[in-house]
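> Shown below is the structure under consideration.
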Number of protein chains: 2
Amino acid sequence: MNRHLPTKLQELNPKTAHICLGIENFITSKLKTPLKGSVLLVALSGGVDSSTLLIILSCLAQKNGCRIHAAHFNHQLRPEADAEEAHVRQLCESLHIELKVDSQDVTAFASRHKLGLEEAARMVRYKFLERERRALNADWIVTGHHANDLAEDVIMRLIRGTGWPALGGMEGKCNNRKILRPLLSTPKETLISFANACSLYWCEDASNEDENFLRNRVRSQVIPLLCKENPAFLNAITSLWELAQIDTDHWSALIKQYLENTDFNTPTLLKEDLESMSQATRLRVYKAVLSSMGKGQPLQQNLLALDAAWQANVGGKIVQFPGNKIATIRKGAIYFSYR
Amino acid sequence: MNRHLPTKLQELNPKTAHICLGIENFITSKLKTPLKGSVLLVALSGGVDSSTLLIILSCLAQKNGCRIHAAHFNHQLRPEADAEEAHVRQLCESLHIELKVDSQDVTAFASRHKLGLEEAARMVRYKFLERERRALNADWIVTGHHANDLAEDVIMRLIRGTGWPALGGMEGKCNNRKILRPLLSTPKETLISFANACSLYWCEDASNEDENFLRNRVRSQVIPLLCKENPAFLNAITSLWELAQIDTDHWSALIKQYLENTDFNTPTLLKEDLESMSQATRLRVYKAVLSSMGKGQPLQQNLLALDAAWQANVGGKIVQFPGNKIATIRKGAIYFSYR
């Protein structure tokens, strides 16, 4: 049961106010997102991350003229799900924040669509959040992902074999999906100390301990070893993430420039364009063209094979890609099509 | 005691011949280094990595008209050092390869120059190798670094907080230091099976087990967890490495183009040049200019602070960097100098 929770900057002690203003600065200068006058929908699970996020945004709302809403999805997966929903309702009430709740039998949805439980839960949750965002005409769905989540994400991407800049981890701002992650450079430890300073009560999700999930094994086994070697490891990760965001902008602009006149029904890369690109650019342009053609992720080895064939100028050479896509080299140009 | 060791491709069984040809292909197509007619100096420790490398290069030498030499440095650090030297002498004799041996009291050198033992050992070893390379007029110093070494290197760089593309790990070919690393995409396991197939005897370096070294902790604690999650983790690392090499070429060419008319006595970045660069490019150009000015590594946060000041067009603003270097913003240009 939460008694009085802060809803203004002035109600925070100097240390928690500092955390709050640091997050405001992260949103405006690193995520390059103006807060002034915005409408934010917080994805609220009831855990410490999103509950603290809600308090922080409430405290920043008055100063910035924002409107804050919350949305909670009850996945009906764990015995404590209803208690969590009740907790979330009470939290929003004490913060005077309007809350939308939805619920669905995720297990049934997963088996109907032949999906893993985690993936199914994420799908239905984000569908609900996006529906609510539109209904409220909110600018962003705001999530509680923090620096420890980011570190886990980077390690999982490293394990799977992710290229650059995707290796740098999840986006801080996803313009397509309208998702904003203001806590991405804040360690979980900082959020917990903030929550404790506010005497916030929160729910612990027992499934976070389940070692059947890769993420939880990375969290409990890998990250502690890395933090032991470098106590500032989370800072190293957020620096890497920042560089990746900057590089993403570089590559997006370059790709856009090369593809702006491309007809995506019959994508063609012209000889003179290809010759003006570095190999690093060509590989990313191939990937962008293939992605625009629909499902099927090209492997780095496929992309390198295409580039090697182009460099060797192997006329008539056809390179195949997942999703029935093919690339044909003819007179120094590359023609993309379906098989 | 090694009896008959193979010195020709024809003496290998199909499996080991395949490994050998794979490494030849890696040298020519990934390291872009022609083998034909080259003179190679193998840095030979007596361990399985460099001993197997020596056999592999011997087998490729005839086909490619190469001349192979070996060099062994006795660090006098471990009780078994002299036994290792004797082993290395015998190995080269049975392969009919000319060997140079040198020795120095590394402990004394380290304390004289106030260096760590590992760093001192590396310094004197590479000094010796470079001296021998010049004496032989060899094209390359060739080392036994393999895919497991590469994975350890990537993880250590991740822990320390390394940017991209340096995060991708050590270079396969270092043109400045004339170092070539032909085994970088080959797992240690493959080298051991090659060595066993040849009945090669090798020395185990007990200091590889010493958990006082970060590298050894990464090898024994971190890498096994990552390989358990993805049995093809070493492939993921060599793919990442390959992408990093390609991106290094991209950035080197771009930086060279921007800096070709720069006077490195008073480096200046002009307003119109800076305005034509992406932020990703600017950060790397700042770094290249600062590196050209001598010792002192700029931190990413310093580089970002300079860029933020430039973007905000803060006239007269001075940003300080390690090594007494400063950057001054004036009328949209950046002037670099010493304090």
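Cβ coordinates come from backbone N, Cα and C, glycine included.
According to TrEMBL:
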DOMAIN    A:40-220  domain 'tRNA(Ile)-lysidine/2-thiocytidine synthase N-terminal'
BINDING   A:Ser45, A:Gly46, A:Gly47, A:Val48, A:Asp49, A:Ser50  ATP binding site
> Between A:Gly46, A:Gly47, which of the binding-site residues has the fewest other CB atoms within 10 angstroms in the structure shown?
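It is A:Gly47 that, of the binding-site residues A:Gly46, A:Gly47, has the fewest other Cβ atoms within 10 Å.
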> Which residues does A:Val48 (ATP binding site) neighbour through Cβ under 8 Å, counting only same-chain ones at least six apart?
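Long-range Cβ contacts: A:Lys188, A:Leu191, A:Ile192, A:Ala195, A:Leu200, A:Trp202.
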> Can you count the other CB atoms that lie within 10 A of the CB of A:Ser50 (ATP binding site)?
23
> To test your reading of the ATP site: which residues beyond A:Ser45, A:Gly46, A:Gly47, A:Val48, A:Asp49, A:Ser50, same chain only, put their Cβ within 8 Å of the Cβ centroid of those residues?
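Leaving out the recorded residues gives A:Leu44, A:Ser51, A:Thr52, A:Leu53, A:Gly144, A:Trp202, A:Cys203, A:Asp205.
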> So for A:Ser45 (ATP binding site), how many other CB atoms are inside 10 Å of its CB?
19
> Run through the Cβ atoms and count how many others sit within 10 Å of the one on A:Asp49 (ATP binding site).
24
> Going by DSSP, is A:Val48 (ATP binding site) sitting in a helix, a strand, or coil?
helix
